[in-house]
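Okay, so here's the structure we're looking at.
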């Protein structure tokens, strides 16, 4: 904290505040600590930051403020460092070469000069000073009449429209290679250099009046082009008229949909900044806007506020010795940063006057930097641990999975999202039906493109767009498809064909249809618009549509009704398990794979999910994905077992009976991920010979199962939770739901800008205190024109009856 400083254990290199250091010493016996303390001498004239806040635990809050860390430039500091020897609190001032062994001196010096691990996550290349290219002054440009339009670019050798580079010699527009930030290409720009020797290229979408990103193929590094304005003018590009993306290269490579970016971010409108509790921004750590948007929405919900911020003192008291590895501690810390108001304060009047007098505007250093939270929550995840852009919906489910596995208090806040889906499957040939229920957290709404109300305008726009591309002219003004919300809701409720349906009435494959209804309505309804899909070439694409999302939503007519009079149920007979002679020949239901891939999950992970759940459908495979998202090989290609391994791995995944009838851990994890207790999952699988589908039916048909407790399993579960001290006992009566009326009111939505989930930018709008507020990373402002028709994920709360 600001008064006691930071104590660092010289054995574990963990840091603690003054109140926690005694507890660490008593528990571990470690007796040598480095005490760091910083004294503020005076504030640097013109600096905008505030004094370091008092902190209960410096370890927990070290990364909260982006401006008040140990490297802040807003103050002049005097640093003090000394060794503390417990239990007598003997102090040795540093540096002290005479009294200390050489090894201790080296360790102290290394620790004092070390760079923060969270700052190391930022690519150093962004801080390097670029050098002028040796080719810039003598660059030869061909007079071939090429003129580059301000938008609508496409690679000359393929159909890619992202990561495009303009060769400054002949004006060729070509795609680049695959880079760390997620932008992809086929390497045609490099291939063109090898064929022609033309050395310099500029990245389209980065050209602004201040410059552009230039790469030298010959020098094999980014360079400066002092004559870039002249070189661009040769191809008809006026730098003064060009605008780059607002959030820089790391979040947005290009700006393919100008109107979409401007509308969603409310560009061109003077927005009033908001300050105080609940109006705190979050720093973009490089393609982390998906995390920022989701967490802003999550902590606007009272149940999450009470669970983590309301329980903050108790969570911190029971936090482990290393709180960076505890989910509840990190959630409480982040929630406190967003809701306390300590990191969202209006500028001081004297500073505003100073800025006006100097005719400059220095941005206020408000907001928090969620480095520690991102480092923990993404640890071991192949996608979220990278610096690439991610799908906000996928991250939301990942977060809910972590909340489920780390309960705090008597109620789990994720209960507010959970609901039951009733699925009615009918055999078209026999007419018999089967009713099953499953757990879900998101209502996925299809986009009914065929119901667009402006089809004539869309056809005319498409013709003009193709003509402009062929003639290399600027594209016409975008025409966006207008889809009625009622049409999307109707598409959701209509029956869908069941691929590869096996009828237990016929004991054979047959045609089947499935209809989904709500067996319960959640307290908070999350609606995802399925804008992302795959084209015929398997390339992900985004449907650019406008949907008139309602402020008030009534889905009471989608309430499930169960078995109706006159309906006859399908026999409760499981399909036969067929293990082929060649396990590699096992058929994988590609339709289920595509359904999962459209949700944003890696394709190989989708194939494994369908394979290991025995082609039981996308829903069961989806739960497998949720249970295995954190595994290191989650997105690795599927490797089918050899014939001799089928009994131990393949058969277990498909539901075969083990030698000791102990349910496979894979299947137990799937049921737990649906919200059921572990002992109930084991009991259901044992009762159904480890048949996953029948086990789920067994759970719903046995509302009061016999209590069965395994002490070894209970001990294992307790050890798996860092906050085991504050876990509340829960029953085993099935998934916890909060059913009620199906009438809702909109209170927030997350919007996406860009062509796919792997690129672009996310922004969150929330309704607070009677008005809409836009959360655009660090910028938190009152919204003037919330683009409710362009959202991707919508948040509704139930209207009390």
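Every residue gets a Cβ built from N, Cα and C, even glycine.
Annotation comment: TrEMBL describes 131-239 as domain 'UBP-type'. Annotation comment: TrEMBL describes 155, 158, 175, 188 as Zn(2+) binding site. Per TrEMBL, domain 'USP' is recorded for 280-799. As annotated by TrEMBL, active site, nucleophile applies to 289. Marked as domain 'UBA' by TrEMBL: 587-628, 662-702. What TrEMBL records for 761 is active site, proton acceptor.
For the binding-site residues listed here (158, 175), the lowest count of other CB atoms within 10 A around the CB belongs to 158.
Taking 155, 158, 175, 289 as the recorded positions under consideration, the smallest Cα distance to residue 761 (active site, proton acceptor) is found for 289. In the predicted model, the domain 'UBP-type' (131-239) has a mean pLDDT of 84.
Taking Cβ-Cβ distances under 8 Å and a sequence separation of 6 or more, the neighbours of residue 155 (Zn(2+) binding site) in its chain are 161, 164, 173, 174, 175, 185, 186, 188.
Counting residues of the domain 'UBA' (587-628) by DSSP class, helix then strand then coil, yields 30 helix, 0 strand, 12 coil. Annotated pair residue 289 (active site, nucleophile) and residue 158 (Zn(2+) binding site), C-alpha to C-alpha distance, rounded: 30 Å.
Just so you know, the Cβ of the residue listed as 'active site, nucleophile' picks up 28 other Cβ atoms within 10 Å once every protein chain is counted. For the Zn(2+) site, the Cβ centre of 155, 158, 175, 188 serves as reference, and the other residues of the chain with Cβ at most 8 Å from it are 156, 157, 159, 160, 164, 174, 185, 186, 187, 189.
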